[in-house]
Amino acid sequence: MKAVQFLSGFALLALASLLASAYDPSPLQDICVAINDPKDGVFVNGKFCKDPKLAKAEDFFLSGLDKPGNTANRLGFSVTNANVEQIPGLNTLGISAVRIDYAPYGQNPPHTHPRATEILVVLEGTLYVGFVTSNQLNNTLIAKVLNKGDVFVFPIGMIHFQFNIGKTNAVAFASFALFALASSLASAYDPSPLQDICVAINDPKDGVFVNGKFCKDPKLAKAEDFFLSGLDKPGNTENRLGFNVTNANVEQIPGLNTLGTSAVRIDYAPYGQNPPHTHPRATEILVVLEGTLYVGFVTSNQLNNTLIAKVLNKGDVFVFPIGLIHFQVNIGNKSAVAFAGFSSQFPGVITIADTVFGANPPINPDFLGKAFQLDPKIVKDLQDKFINGN
Ligand SMILES: *[C@@H]1O[C@H](CO)[C@@H](O)[C@H](O)[C@H]1NC(C)=O
Ligand SMILES: *[C@@H]1O[C@H](CO)[C@@H](O)[C@H](O)[C@H]1NC(C)=O
Ligand SMILES: *[C@@H]1O[C@H](CO)[C@@H](O)[C@H](O)[C@H]1NC(C)=O
Ligand SMILES: *[C@@H]1O[C@H](CO)[C@@H](O)[C@H](O)[C@H]1NC(C)=O
């Protein structure tokens, strides 16, 4: 029998500091699809970028993450990559993902990612996972047994591992958040961590220093600070739009503080939708676990508001670049499920309809009528729906 784990998303866009020059650059345009031959390129930001006029949905797409990798090797594990080598549209966006398969008693041996924090979600099986802090924190092992639906964080640069301690196969998804190069324009991005870990606490009097949220004394950090369970449980989609987001960000996992990544589970009722919205601080990489989704994003005015959209099935991956308006619609007659990784510990959500028509206090309906080419009476009607829920 096989166990599956999803490793969902390592994505980090870090704040630029002059010291952070080894990290991925912040994007300087909406999209920058990588190409190998510079003679076809238009400009450089990371890899050479394809002419954005030629960008297509396939540049942001990968299929096959529903297929187990071959674990018949000495260590009994296999990593299926979804990074810029497979998805050229990831170029400059600071995030990627993997699927990891583990044979019974297989392991992903001690290793480190020099440029990314990893957030891992177990899909199937039982893993013993951990990381070891650096010399300054006395090489402390922070480890835990994970079961289906559990989430764990491996901070950037720390040596870590996963051992399948079960008699069955295991599967995980992980996403990797890369630190963005600091440029003085990138100040809205998450800061680069200035220490191994910085577990958030609410009361500053118990804190030791600030970088994002206040940090707990690292001597008191424990595996639970990097852990969350329950991502195997569907959210309740009985609402107007028929979708539900279960968050795994710094509010639920305080150990994510300063690490520039987070994850979500998204459930969709039949014909449910995650309506047009944007994440002000993060690129998103989404993996479909079940169902059929029509997804897309729209480029900014400079790129003529081009819709880049595609139908996704189980195992398909799609990228939504930072700040661009995007959506997912379940076009199937059964429930759908996806996991997504983000390049921020707290990506933020701006739902377009709620923000425009549900602003508090309301935006003048005459102004909105002109902007949206609508009769102000219709605007008032929309405002009534979004403000009062009628
Ligand atoms: C590391 O060990 C030193 C010496 O025993 C001790 O003073 C210090 O508090 C320890 N630090 C942590 C983070 O455990
Ligand atoms: C999402 O699901 C959770 C768990 O079932 C539920 O508590 C929450 O109210 C749901 N959220 C929405 C917006 O329906
Ligand atoms: C946007 O439209 C303008 C005017 O039609 C055109 O010159 C330009 O090439 C278009 N840009 C893209 C990225 O499609
Ligand atoms: C759902 O769609 C499939 C494929 O189109 C169809 O065979 C099936 O009858 C549909 N089920 C329901 C409950 O509508």
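Note: Cβ is positioned from N, Cα and C throughout, glycine not excepted.
Under the heading signal peptide, TrEMBL lists 1-22.
What TrEMBL records for 63-198 (among others) is domain 'Cupin type-1'.
Under the DSSP three-state reduction, Cys215 (disulfide bond) is assigned to strand. The disulfide bond annotation in TrEMBL covers Cys198-Cys215.
Residues or ranges marked as domain 'Cupin type-1' by TrEMBL: 229-380 (among others).
Here His279 (oxalate binding site) comes close to Phe320, Ile322, Gly323, Phe342, Ser344, Pro347, Gly348, Val349, Ile350: these same-chain residues lie at least six apart in sequence, with C-beta atoms under 8 angstroms from its C-beta. Among the features that TrEMBL reports, oxalate binding site is placed at Asn274, His279, Glu284.
The feature Mn(2+) binding site is assigned by TrEMBL to His277, His279, Glu284, His326. Secondary structure at Glu284 (oxalate binding site), as computed by DSSP, is strand.
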Any further residue of that chain within 8 Å (Cβ to the Cβ centroid of Asn274, His279, Glu284) of the recorded oxalate site: Val264, His277, Thr278, Ala282, Leu286, Phe320, His326, Ala340, Phe342, Pro347, Val349
CB-centroid shell, 8 A cutoff, Mn(2+) site His277, His279, Glu284, His326, site residues removed: Thr278, Ala282, Phe297, Phe320, Leu324, Ile325, Pro347, Val349
Cys198 (disulfide bond): tally of other CB atoms within 10 A of its CB: 28
Cα within 10 Å of Asn274 (oxalate binding site) - qualifying recorded positions among Cys198, Cys215, His326: His326
Cβ atoms near Glu284 (oxalate binding site) (within 10 Å, other residues, all chains): 27
Candidate binding-site residues His277, Glu284, His326, pick with smallest Cα gap to Cys198 (disulfide bond): Glu284
